[in-house]
Amino acid sequence: MVHQVLYRALVSTKWLAESIRSGRLGPSLRVLDASWYSPGTRQARKEYQERHVPGASFFDIEECRDTTSPYEMMLPSEAHFGDYVGNLGISNDTHVVVYDGDDLGSFYAPRVWWMFRVFGHRTVSVLNGGFRNWLKEGHPVTSEPSRPEPAVFKATLNLSLLKTYEQVLENLQSKRFQLVDSRAQGRYLGTQPEPDIVGLDSGHIRGSVNMPFMDFLTKDGFEKSPEELRAIFQDKKVDLSQPLIATCRKGVTACHVALAAYLCGKPDVAVYDGSWSEWFRRAPPETRVSQGKSGKA
């Protein structure tokens with residue numbers, strides 16, 4: 001069997017700092033701040049304007065999505081994504097490094113990492129430890145806005161990394177894919193509410209396994225080692241040699257499952273983009289499981 005050589009999914013703060021110092025930023029290397037925070041908490045764009053990694057552009061996940069969809073954070077079209085990242089100076093030959101400023105060390109960056117991959121881009125990495133550790137280690141920051149020269153990016157959707165509602169519904173019968181839910185246990189069980197949203201009860205898709213995405217991160221905000229990640233999958237009886245779909249509430253933290261599996265040598269985890277936000281509104285009641293007061297989500 002021929003093993004696929006995987007592009008490095010993580011780069012260190014030290015590597016990025018040295019790359020910036022040595023003048024490597026440009027058409028061949030771009031940095032993106034993909035921070036996003038719940039309304040009424042922190043303001044991602046304002047924080048970016050105040051301080052960011054030198055040369056980084058702001059990737060606004062609210063803009064680079066399907067704004068016509070009734071569901072949260074759905075993927076944009078190929079043309080939309082290509083135009084958006086092209087305007088950030090990214091071409092099909094660019095190595096893209098993504099970070100965010102979340103206190104956990106990483107939250108939205110893996111979503112943007114996955115978005116690039118699902119649109120056919122191989123050379124994309126997450127900054128391990130995020131902006132939290134960039135600051136902690138004393139690396140330089142700036143308020144200088146980034147003005148990269150626009151580039152041409154041709155997006156080609158890789159459908160093998162994306163699952164739809166219909167495919168997940170069919171999978172309840174065929175069981176061809178394992179299904180992992182990356183939300184916190186209380187939300188998965190239905191005993192804690194979904195935050196920042198009205199009309200969406202908590203619970204999970206029947207047959208899914210709960211693997212909270214925070215378990216993939218160390219207390220210092222770094223990705224755990226491949227050995228530790230494999231042990232987490234094994235503990236949950238998730239077989240990395242078999243097909244796997246990741247889900248969450250809106251297709252964001254599910255990408256942490258895809259990243260963790262990738263770091264274990266499995267690059268083909270698909271994300272259910274609509275996730276619980278869509279499933280709750282569309283799926284038959286018997287496919288929604290909850291330990292909440294109603295017994296069903």
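For all residues, glycine too, the Cβ spot is worked out from N, Cα and C.
Which of 48-63, 64-79, 144-159 counts as region 'Hinge' depends on Swiss-Prot, and there it is 144-159. Cross-referencing LYS219, LYS293 with Swiss-Prot, the residue annotated as N6-acetyllysine turns out to be LYS219. Residue annotated by Swiss-Prot as N6-acetyllysine (from the set LYS175, LYS250): LYS175. Within the set LYS46, LYS136, Swiss-Prot records N6-succinyllysine at LYS136. Note: the CA-CA distance between LYS175 (N6-acetyllysine) and ARG187 (substrate binding site) rounds to 23 Å. Counting only the Cα atoms, the space from LYS236 (N6-acetyllysine) to LYS136 (N6-succinyllysine) is about 33 angstrom. Neighbours of LYS219 (N6-succinyllysine), defined as other CB atoms within 10 A of its CB across all chains, total 8.
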